[in-house]
Amino acid sequence: MAVLTGLTFGGNTWTPKFAESIDKDKCIGCGRCIKVCGYPVLDLKALNEEGEFVEDEEDDEIERKVMVVAHPENCIGCQACARICPKNCYTHNPLEN
């Protein structure tokens with residue numbers, strides 16, 4: 001199977017790996033990843049005590065917030081989010097044809 005690769009400015013080959021998922025059990029919702037990402041890829045979502053996503057931000061059942069890959073189509077594959085994550089929550093994979 002073919003994998004998307006590119007060349008760096010220096011002529012080295014580079015295989016971008018795109019954000020696929022974030023482990024909600026590991027994520028602490030610190031927001032470092034969304035600050036370092038220059039593209040609208042991530043979003044902070046609320047979880048209730050059962051670990052289910054809550055749509056209503058005013059809901060009293062909100063336990064905590066975690067980051068999610070809301071728009072994977074906007075990811076450029078730089079992995080800056082994974083490098084800055086203190087809890088190693090990210091799963092990245094190369095783009096395959």
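Glycine too: its Cβ is placed from the backbone N, Cα and C atoms.
Some features that Swiss-Prot has for this protein:
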BINDING   Cys27, Cys30, Cys33, Cys37  [4Fe-4S] cluster 1 binding site
BINDING   Cys75, Cys78, Cys81, Cys85  [4Fe-4S] cluster 2 binding site
DOMAIN    18-47  domain '4Fe-4S ferredoxin-type 1'
DOMAIN    65-95  domain '4Fe-4S ferredoxin-type 2'
At a C-beta cut-off of under 8 Å, are there same-chain residues at least 6 beyond the domain '4Fe-4S ferredoxin-type 2' (65-95) that contact it? List them, or none.
3-4, 15-24, 26-34, 36-37, 39-47, 53
Which residues of the same chain, at least 6 positions away in sequence, have a Cβ lying under 8 Å from the Cβ of Cys30 ([4Fe-4S] cluster 1 binding site)?
Pro86
Integer Cα-Cα distance in angstrom, Cys33 ([4Fe-4S] cluster 1 binding site) to Cys81 ([4Fe-4S] cluster 2 binding site):
4
Determine which residues of the same chain, besides Cys75, Cys78, Cys81, Cys85, have their CB within 8 A of the center of the CB atoms at the recorded [4Fe-4S] cluster 2 site, and list them by sequence.
Ala19, Cys33, Val36, Cys37, Val41, Gln79, Ala80, Ala82, Arg83, Tyr90, His92
Quick check: in three-state DSSP terms, what is Cys33 ([4Fe-4S] cluster 1 binding site)?
helix
For a three-state summary based on DSSP, what are the helix, strand and coil counts in the domain '4Fe-4S ferredoxin-type 2' (65-95)?
8 helix, 10 strand, 13 coil
